[in-house]
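Here TrEMBL flags 2-78 as domain 'Threonine synthase N-terminal'. According to TrEMBL, the domain 'Tryptophan synthase beta chain-like PALP' annotation covers 99-321. According to TrEMBL, the N6-(pyridoxal phosphate)lysine annotation covers Lys110.
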Amino acid sequence: MRYISTRGQAPVLNFEQAMLTGLARDGGLYLPETIPQMDDIAALESLPYEQAALRVIRPFLGDSFTEAELVQALDAAYRGFGHAARAPLRQLAPGHHLLELFHGPTLAFKDFAMQLIGQLFQIALQRSGQRITIVGATSGDTGSAAIEAFRGLPNVDVFILFPHGRVSEVQRRQMTTPADANVHALAMDGHFDDCQARLKDLFNDHDFRDRVGLAGVNSINWARVLAQVVYYFTAAVSLGAPHRAVDFSVPTGNFGDVLAGLVAKRMGLPVGQLVVATNQNDILHRALTTGDYRVGQVEPSISPSMDIQVSSNFERALFWAYDGDAGAIRQLMADLKTGGFSISQGALQALREDFVSGRLSEDETLEAIRRFRDETGEILCPHSAIGAAVATRHLRPGVPMVTLATAHPAKFPDAVERAIGIRPALPPHMAGLFDLPERQTRIENDAAALKSLILERRTA
Ligand SMILES: *Cc1c(COP(=O)(O)O)cnc(C)c1O
C-alpha cells in the first residue's frame, strides 16, 4: 500500500513510514493511493470489536505489520476499555442511536486511535531500535489520550504542550498525574494556537527534528483516521448494513472523525449522509453551505474540543473532491495563508454528495443537553449534544441515524452542571484522579526555550 501527499511533492511512503512521520514534508497530509474495498461486510456482524478492526484495518497496512502483530496491538489497545463492546450503541429515539465512544481510559473517542497507534509505534520501534520524541499540542483531549497511550514505553518520550489555565481540571489532571519518567506535561503561556505554532516551529527545524527523532501524533496522522473507520462499520452493521444505508452525525473540529466516516463509505459501507455538526466556530458549516472556506477568530465555547478555525483534515476531503489534483490543493492552501478560499462548483457538489452540516450556538447547546436529558434520561457531553441536536434536523424516514458521542459528560462537568444542575461523576476507575500528586513544567511561549527543555529532559 502506497501513501501519497495531498500536495503531491513529498516522498511516497509505506504505512509505517506515514504513521511515524505524521505531517508530510511538503506540508500535506498522507492518504493511501487507492482505498481498498471491503468484501463481506455482513460477516462483521457480532464479531468482537478487535476482530472487526482486524478486517477493516489489515488491507491498509501492506507489509508494514504482520497479521499477528496487528492482532497483538489491537488486543493490547482495547483491553483496558470499560465496556465489552468497546463502542456500544444505545437508542435515543425512534431511528436515532448514540454510539458511545467514551469508554477508553481518558473518556474521549481519541483513545480509539491513540491506544492503537501507541501499540503500533512500540512494535515498529522495537524492530528498528530507533528512539523517538513525541511532541503534541492539545486543547485537552488529545494530550491526555497520547500520554495514556505512550506512558512507560521504552524508546519514547512524550512531551505535551497545553495552554496554561485553559484546560478543564479533569483534562489537566489526566496529563499531570501519570508518574512515568517519559511523560512531560508542559503548561505553556498563551492559547492553544500558540502551542500549535511552537509545535510547528519544532517540526520546521529539520536539524532538531532529526536530532531528537521528532514524531507527530496529532489528528492529521493517517493511522489515527484509520483506527476510527472501524466503529462506523461495527455500528452500521449492527443496524442492518450492508442491506440498508445508515446516516451518521459527527461533532466536528479538525475533521478527523467525520473523515473516517467518508473512508468507510469509500470502502463500500452504505453510509448515507454524514452530518458535520459544529459549535459557534462554524467554518465547516459555512464552507459546506456557501462554498467559501474563510478563517475567523476562535471563540472559546463550552465544547472546547471543537474550538478550531483551521480544520486540518478537511484537506483530505478536498483532495478527493478535486479528483486528486494536488496542484489545486497546493493553490487552495496557499490562499488559506491569506484568509481563505472558494471551493470550485464541481468540488462543492462532490462534497455535498457526502456531507450535510449544521451548527449550534452556546445557548442551543445548553438547551440540547437539557432536552436529551428530559426526553431520554441520557446526559450528553456538550460536543455529543451538538451532534445529537444537529442530527435531529437531518433524520430521514427508514434510515437509521447514528450520533457519535465523543466524550463522557464527566469530562465537562461545568457545562453539564450549567445545563441541568447535575455534576456528572467520573467512572470508578478514575475516582482517584483528584488525590494523585501533579507534575508539570511551566514554560514560556518560546521555541528556543522549548527545544532546550526537550533536550534536557529526554530520558533517552
Ligand atoms: C477531538 C474532539 C472532537 C472533534 O473531533 P475531530 O476529529 O477533530 O473533528 C469532538 N469532540 C470531542 C470530545 C473531542 O475530543
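Here, residue 1 is simply the first one shown, and the rest follow in order.
Backbone N, Cα and C define each Cβ position, glycine as well.
Automatic, uncurated: that is what TrEMBL annotation is.
With DSSP classes pooled into helix, strand and coil, the tally for the domain 'Threonine synthase N-terminal' (2-78) is 35 helix, 7 strand, 35 coil. Confidence across the domain 'Threonine synthase N-terminal' (2-78), taken as the mean pLDDT and rounded to a whole number, stands at 95.
A sphere of 10 angstroms centred on the C-beta of Lys110 (N6-(pyridoxal phosphate)lysine) encloses 30 other C-beta atoms.
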